[in-house]
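Report on the structure given below.
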Amino acid sequence: MPAYGDAGDKPNEREDTINPAQMFAICLSVCTEGVQITIPYVIGVYMIRSFEGPSPDESRVGRLTGTLTSCFCAAQFLTAYCWGLASDQIGRKKLVLMSNLSSTVFSVFFGLSNSYWWAASVRFAQGFFNCVFGNVRAMVADSLIPDTQATALGFISMSWGLGAVLGPVLGGAFAFPCDSYGNWFPLCGEGQLFRRREFLLPCLVASSLSLLASASSALVLPETLPRLVAVRQARARARSWSRRLAAGGAGAEEQKLGAPGGNGEDVSSSKAPGSPQSPPAAGVLPIRTAPIPPVSPYAANAGETPRDARPWLDRFYPGPAFGGSTAGLAANPNPVHEARGASASPRAASLGSAHSSGMERMVLPQAMLQEGLGRLSYGRGSPAADLTAPLLEGGGEGKEEEGSRDAEQPWYRNGLLLLLVAGYGLVAFLFNIIDEVTPLFAATPVSKGGLGFTSSELSVPLAAGGAVLMVWAVTGYPWVQRRFGPLPVCRSGLLAAIPLSLAIPASSYAAASKSGAMVALTAAMGLRNLAGQNAFSSSMIMINLVAPATAMGAVNGAAQTLAAFVRAVGPALGGLSWALSLRLAVPGHQFLAFACVSAGLVATRLLYGFVRLPGNAYPAKIPPGGAVE
C-alpha cells in the first residue's frame with residue numbers, strides 16, 4: 001500500500017504491490033488483537049478456578065469461562081458499526097491507533113484482576129475501544145487491487161493465526177511464573193507481585209506487543225480513506241504549483257496573475273486598503289483571486305464567463321463531519337482568504353451557507369487541478385474527475401451529480417452484499433466455537449472424555465497448528481485464490497472443515513498415550529486451520545469486492561459487528577455446550593459441541609451455494625491502474 005499524502009505521491013489509485021513496512025504495521029496490529037482476544041482462552045479457565053477456590057464445580061467453571069472470553073467481543077458488537085461509520089469520516093489510521101493504545105492499558109488491568117467481575121469489566125472495556133480488524137480490512141480495500149488483496153489478506157490471516165496461537169502460548173508459558181520457574185524468578189518472593197497476581201506476566205507481554213503496534217501504526221501506517229487522500233493530494237499539488245510559481249517555472253500569464261499588483265489581487269490578508277502589509281509567513285501559500293470580466297468575448301451569451309477564463313478557482317469540498325477546521329470555518333463566515341468585494345453578491349451568500357453546512361474552502365489554480373486528473377481513481381475505480389467536479393464546476397452545477405448520487409442504492413439494500421456479510425458472520429461464529437471448546441476439551445480430565453493436558457502441554461498443538469496456518473496463508477492460499485477465485489475456495493474450505501472438526505474430539509481415543517493424543521490433536525488442528533483460512537479469508541475478499549467504495553468502512557464495520565456478536569455468543573455457547581456434554585456423561589459426549597459445529601458448517605456451505613458473484617466483481621485480468629471496471 002502506498003504512503004499517500006506527500007507532494008511526490010502517486011495519484012490515488014489502488015496498487016498492485018504491497019509496501020512491506022506498512023504491511024508489517026498492519027500485521028502487527030492484527031496479531032496483537034488476536035493475542036488480546038485469545039489469551040483468556042487458556043488462562044481463563046485457570047483464572048476462574050482460582051477465583052472459585054479449591055474443588056470448583058467444573059460445569060460452573062465452563063460457563064464462567066465462556067462468559068469471560070465473550071465479554072471482549074460483546075463490547076465490539078455494540079461499537080463496531082459506529083467505529084466503521086467514524087472511519088468513513090475521520091479516517092482509518094486514527095482508529096487503529098486508538099485500538100492499540102487502549103489494548104496496551106486494559107491488558108495490564110486484566111492481569112491485575114482479583115475477581116471475576118473485575119476481569120469481565122476490563123475485558124468489556126477493552127473490546128469497546130478495539131476496532132482494528134474492520135479498519136485494516138478497509139485499508140486493504142482502499143489501497144489494493146483484488147489479486148493483491150488476496151496476498152494482503154493472506155498476511156492478515158497469518159497474523160491473526162499467529163496472534164490466536166501466541167495468545168494461548170503466552171498464557172500457558174507465563175501464567176503461574178513462580179510455580180513454573182521457581183522463587184528465583186523476579187518478584188516471586190512471598191507476598192510479591194507475581195506471587196499475588198499469577199496471570200499478570202502474560203498480560204504484560206501482550207501489553208508490550210500492543211505498545212509496539214501503537215508505535216508502528218503512528219510512524220508507518222498511511223491514511224487510506226480516499227476522500228482524505230484526494231484532499232491531501234490536492235493540497236500537495238497546490239504547494240508544488242506555488243513553489244514552481246515562486247521559482248519562475250510558470251508561464252508569463254501565470255506570473256502576471258500571481259504577482260502583487262498585477263491582474264491578481266492578493267487576498268491573503270484581511271487588512272484594510274492602504275495599511276502596511278506584513279511580510280508573508282514562511283511556508284504559507286498565498287491565496288489570490290483574479291477578477292472575472294463581466295462579459296467574456298468568448299461567451300456565447302452576454303454575461304456568461306467560460307471556465308477557462310477563470311484561472312483561479314474558489315470552490316468548496318466536503319470536509320469532515322465533525323472536528324477541527326470545519327468548526328472554525330462555520331464560526332467565522334468571513335475567513336481572511338475570502339475575496340474582497342464579494343460579500344454583497346449572491347455567490348457570497350452561497351459561500352456563507354457552504355461554510356455553515358460543514359464545507360471546507362480551497363482556492364486553487366485551475367491548471368493545477370486539471371493536471372493529471374485522468375490518472376486518478378477512487379476506491380473501486382471511480383475517476384477522480386468525478387470527485388473533483390465540484391472544484392472545477394460552478395456552485396450550482398453539481399446538483400445533478402448530487403441527485404444521481406442520492407439515487408444510488410444504499411449498501412444495506414444490496415441482497416448479495418447482505419448474504420456475504422451473513423456468511424462471513426457464520427464462518428466467524430463456527431470457527432470461534434471450535435477455538436473456545438478445544439482448550440476446554442484438552443484441559444478436561446481423561447476420565448471425563450478429555451485429554452488432561454496442562455496449559456504448557458496445550459500450547460504445543462496450538463503452536464503447531466498456528467505454524468501450519470501461517471505457512472499456508474502466505475504461500476498456498478494466495479495462489480489457490482488467484483487460480484480458482486474466492487467463492488470456490490470458500491466453499492471447499494467449509495466442506496473440508498466438516499470432518500476435521502470431528503477429528504479434534506476423536507483424539508481422545510488416543511488419550512491412553514499422552515504423546516499419541518498430542519500428535520492426533522496437532523494434526524487435526526493443523527488441517528482444520530488450513531480449511532478455516534480458505535473459508536475465512538475468501539469470505540472477507542468477497543465482501544470487499546461487492547461493497548461500494550464510498551461505504552467501505554460502514555460495510556466492514558457492519559461485518560465486524562456481526563462477527564463480534566457471534567464471537568461474543570460463540571464462547572458462551574461453547575462453554576454451555578461443553579458443560580452440557582459433561583452433564584450427559586454418555587459415551588462419546590465429547591463429540592456433542594463439535595458435532596453442532598459440523599452441522600453449522602453444512603448449513604453455511606448451503607448458504608454460499610446461493611452466492612453468485614457478478615462477472616465484473618472479480619475480473620480474470622485486472623486492467624492497468626488497478627481500477628475494477
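Every residue, even glycine, has its Cβ placed from backbone N, Cα and C.
According to TrEMBL, the protein has these features:
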type: COMPBIAS; residues: 341-354; note: compositional bias 'Low complexity'
type: COMPBIAS; residues: 396-407; note: compositional bias 'Basic and acidic residues'
type: REGION; residues: 245-288; note: region 'Disordered'
type: REGION; residues: 328-355; note: region 'Disordered'
type: REGION; residues: 387-407; note: region 'Disordered'
type: TRANSMEM; residues: 21-43; note: transmembrane segment
type: TRANSMEM; residues: 63-83; note: transmembrane segment
type: TRANSMEM; residues: 95-118; note: transmembrane segment
type: TRANSMEM; residues: 152-176; note: transmembrane segment
type: TRANSMEM; residues: 415-434; note: transmembrane segment
type: TRANSMEM; residues: 458-480; note: transmembrane segment
type: TRANSMEM; residues: 492-512; note: transmembrane segment
type: TRANSMEM; residues: 535-555; note: transmembrane segment
type: TRANSMEM; residues: 562-585; note: transmembrane segment
type: TRANSMEM; residues: 591-611; note: transmembrane segment
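Below 8 angstroms of C-beta separation, residues 416, 419-420, 422-423, 426-427, 429-430, 433-434, 437, 441, 487, 490-491, 494-495, 497-499, 501-502, 504-506, 542, 574, 577-578, 580-581, 584 of the same chain, each at least six residues beyond the ends of the transmembrane segment (591-611), sit close to that stretch. Between the transmembrane segment (562-585) and the transmembrane segment (458-480), fewer than three CB pairs separated by 6 or more residues in sequence fall under 8 Å, so the two stretches do not touch. Ranking 95-118, 152-176, 415-434, 458-480, 535-555 by CB pairs under 8 A with the transmembrane segment (21-43) puts 152-176 at the top.
For the transmembrane segment (415-434), the list of distant contacts is 490, 494, 497, 501, 504, 528, 532, 535-536, 539-540, 542-543, 546-547, 555, 558-559, 562-563, 565-567, 569-571, 573-574, 577, 593-594, 596-597, 600-601, 603-604, 607-608, 610-614: same-chain residues at least six beyond its ends, Cβ to Cβ under 8 Å. It is 458-480 that, among the stretches 95-118, 458-480, 535-555, forms the most Cβ pairs under 8 Å with the transmembrane segment (152-176).
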